[in-house]
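These notes concern the structure reproduced below.
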């Protein structure tokens, strides 16, 4: 008698296992790498991605591109996640980490097809990664923090390396200096929140500026605003979460009115409530009043008569940055505006930038903060500039915390490749082949740099292998002269942390994908979502 089959999974569940599904997962990861392969390096191309809502994004940043791709393959999502983690951890090297992970998998694919056990591959990869990380730490060059001039030079070079593959690479010296200035203005915690980036359309990139303080766009203002002064020295700043508008209180109360005088008394009380608030603010000594909620026309004119400046509907993050920079605290009532809840700064002024007016707070005593004001033409271009600066800022922060650097341009990868290849020849068994495969995979970075620049990769890699075998540790691809060069001398520097993180993350992702032996996809729920309730009559949009 036939045994009854045990049905464990729901009908329609897609389950695949064994070597074919592992090979399929590896192939999916290679497809993801293909998407960002051409963006690597100073001659990398950009991608134009249009999302479901029709918003266009032009980007060269691996993490941004992978976030915008709607990846559904479960194994390929792992690569998207490591690119995101690299972006969050060190800010740069997102394309490199994706390429490395895909190349590690590509190199072990033949061994997987031949039936080599995944655990042997994972063991070899972990050994190779540990050796590579130790080697980076051993050969990385440490820059002395005590020498401020040297340290600044190092930081600028690291920022320029991060910016050289971006759209703004032509202005990398200009922006690298600004980025280093910005990070140097921060306190020891180097909080990213304390650097604001505002974009103003129009003008050239070189018109961008760095403000040593807080800056935000002038908010919507009512009549009477033009009478207010636009510049103060050492003002006190009131930060409020209070609505300063005339409110009809009859909406909030039920009142029986017998005479006209009673009604007049109610109207007078409404005015008095508002004037009472305004007087308290005036008596507190504040010269600049910022509120998250609207400040109406009556209040605007009241402040103008008393030489005070006000701005309502200030975005919350700008209000918080002003509070962190100028001191004080955001008040939800005006009843206790004492001196210790008011902020201070050296200069407040409103200035025209392009077609916009901006409010500037400079010389803030409390916390070090700064704001980039970016200029440029197309909106997409300015957004890409903002992403590029974010990468450079992250790199400079990392370089301050960990002061060891390595040479970029494929130099460190070639050196590690040579070191691991030599090591693999000293060990017996299957590990030798796998560590050799890991070493070969590292060459994808210089190879892709050559391919993206249109060079003969085979020729340049042969030269690099020969030079590294002779002891030229820092030799990498010279993009400008279609040759190889000592990239440490050429100041193509990046923090050792970037490379360590990239190698570790790529190796972990490769091990994770190799260790999966079965993929089970549950069927999509077939129950239709409940239809949206019909809109009220006369309110529905036309279908």
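Including glycine, each Cβ sits where the backbone N, Cα and C put it.
Cross-referencing 41, 328, 343 against the ATP binding annotation in Swiss-Prot, which names 93, 96, 398, 409, 499, picks out 41. Considering 153, 166, 198, 430, the record held by Swiss-Prot lists 430, annotated as SUMO2 cross-link. In summary, of the candidate residues 148, 230, 320, the record from Swiss-Prot lists N6-acetyllysine for 320, whereas the others have no such entry there. Counting neighbouring Cβ atoms within 10 Å of each of the binding-site residues (94, 96, 165), the lowest count belongs to 165. Neighbour density around each Cβ, counted as other Cβ atoms within 10 Å, peaks among the recorded positions 67, 320, 398, 499 at 499.
Between the CA atoms of residue 92 (Mg(2+) binding site) and residue 499 (ATP binding site) there is a gap of 10 Å, rounded to the nearest whole number. Cα spacing between residue 494 (ADP binding site) and residue 409 (ATP binding site): 10 Å, rounded to the nearest whole number. Comparing Cβ neighbour counts within 10 Å across the binding-site residues 41, 93, 409, the minimum falls on 41. Taking the Cα atom of each, residue 398 (ATP binding site) and residue 94 (ADP binding site) are about 15 angstrom apart. In this entry, ADP is bound by 41, 93, 94, 95, 96, 164, 165, 409, 494, 499, whose most widely separated C-alpha atoms sit 17 angstrom apart.
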